[in-house]
Amino acid sequence: MFKKTKITILGATGSIGDSTLAVIRETNDFEVFALTAFSNVEKLAELCQEFKPKFAVVPDLSKKQKLQSLVTDVEVLVGESGLEKVSSLAEIDIVMSAIVGIAGLKPTFAAAKAGKKILLANKESLVTAGHLLIDEVVKNNAQLIPVDSEHNAIFQCIDNHDKKCLPEIDKIILTASGGPFRDKQLHELTDVTPEQACNHPNWQMGRKISVDSSTMVNKALEVIEAYWLFSVSADKIGVLIHPQSVTHSIVRYVDGSYIAQLGVPDMKTPIANAMYYPKRGSVNVESLDFTKYQLTFREACFERFEALKIVFNNLQNKNYAANIVFNAANEELVAAFLNKKIKYLEIIEVNKKVTKELNFENPKNIEEVFEIDRKTREYVDSVLG
């Protein structure tokens, strides 16, 4: 008898959750076991009615009461304990970790400790605690499969996923669209509005990640992810601006061979690849018509995109705590920008100041990760007044 793969989707109402559920709708291979959401209870209720999960998780009791008034036949859990439970239950085969921000850290670790197949879209798990998460994955024989289009592309380009091929890799090249301001100089961006920063030319994404793409913070975080996912030193990671977002990443091998993964910009492709791995599943995506594209590439200038400069410096110095500071400061500053409390260029300007002024030892456990994160946010709040 055919047994469907049971999946928990952390962050079901976000853009990655949308694409994951779109893949599930197109196939008959997956059973939604649990769904979680932070604020959009109405959308979560609709998804519960459609997919009939056993569990749903919301952040607090008021949202639990609201969800229970909208749906029946689903057990509603609350808070961090609920997230960790639905990430580690014995019945679950796959956990899609798509919560935005450091809130995704604990449930991702819970999934790793339970030996789950983790589809990782939550950048912060690797950005803030990469050394700790990789240890948990190895120790508990879990699987960590990247969902970001760039890292999933690298994953597909590496022909031996047990990492025995890593000495053969000469360079991992991440591509970046460059965002909506890729052709503008910094002095032209003084009056950028949140609406302009969120208007990504290629991808449909949430507001926070759209701003991160425009500042190249998103790519800087992806550099950190690649560092941990593929066990390579910082000098073996490069970034190219590729406006068409067709070539998702490139791997250069020591014999001079280059292997790239290409496709139209559609998150269903990397998500389906991760969900079905080690096999491939059929999903509805637009075919890539090579005759319609002229692919272009250029170097990502560190002076123009200073987020990259900050992160590469942190990695070269093995200052992993500084990456926690960088990430926490960015989250606070992007929120301030979206709420029109600071100007666009201050996102990076203030982050440079904060990352330089705060110094912590590398964390030995996730409690220390959260402590560094908390102190950084408090410091940013004091700087912003």
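Each Cβ is built from the backbone N, Cα and C atoms, and glycine gets one as well.
Swiss-Prot has this to say about the protein:
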- T13, G14, S15, I16, N40, N122, E124, G206: NADPH binding site (BINDING)
- K123, S149, E150, S177, H200, S213, N218, K219, E222: 1-deoxy-D-xylulose 5-phosphate binding site (BINDING)
- D148, E150, E222: Mn(2+) binding site (BINDING)
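Listed in sequence order, the residues P146, S149, H151, N152, L174, N218, K219, E225, A226, S249 complete the 8 Å Cβ shell around the Mn(2+) site centroid, once D148, E150, E222 themselves are left out. Considering only the binding-site residues T13, N122, the Cβ with the fewest other Cβ atoms within 10 Å is that of T13.
DSSP assigns G14 (NADPH binding site) to coil in the three-state reduction, placing it in neither a helix nor a strand. Residue pair G206 (NADPH binding site) / E222 (1-deoxy-D-xylulose 5-phosphate binding site) shows a Cα separation of 17 Å. Sequence-distant contacts (6 or more apart, same chain, Cβ under 8 Å) of D148 (Mn(2+) binding site) comprise L120, A121, K123, E222, E225, P270. In this structure, G206 is the one among the binding-site residues G14, G206 with the smallest number of other Cβ atoms inside 10 Å of its Cβ. Within the same chain, the residues at least 6 positions away from N218 (1-deoxy-D-xylulose 5-phosphate binding site) whose Cβ sits under 8 Å from its Cβ are A176, I209, D212, listed in sequence order. Long-range Cβ neighbours of I16 (NADPH binding site) (same chain, at least 6 residues apart, Cβ-Cβ under 8 Å): M96, A98, A121, V147, M267, I271.
Closest to E150 (1-deoxy-D-xylulose 5-phosphate binding site) by Cα-Cα distance, out of the binding-site residues T13, G14, S15, N122, E124, is N122.
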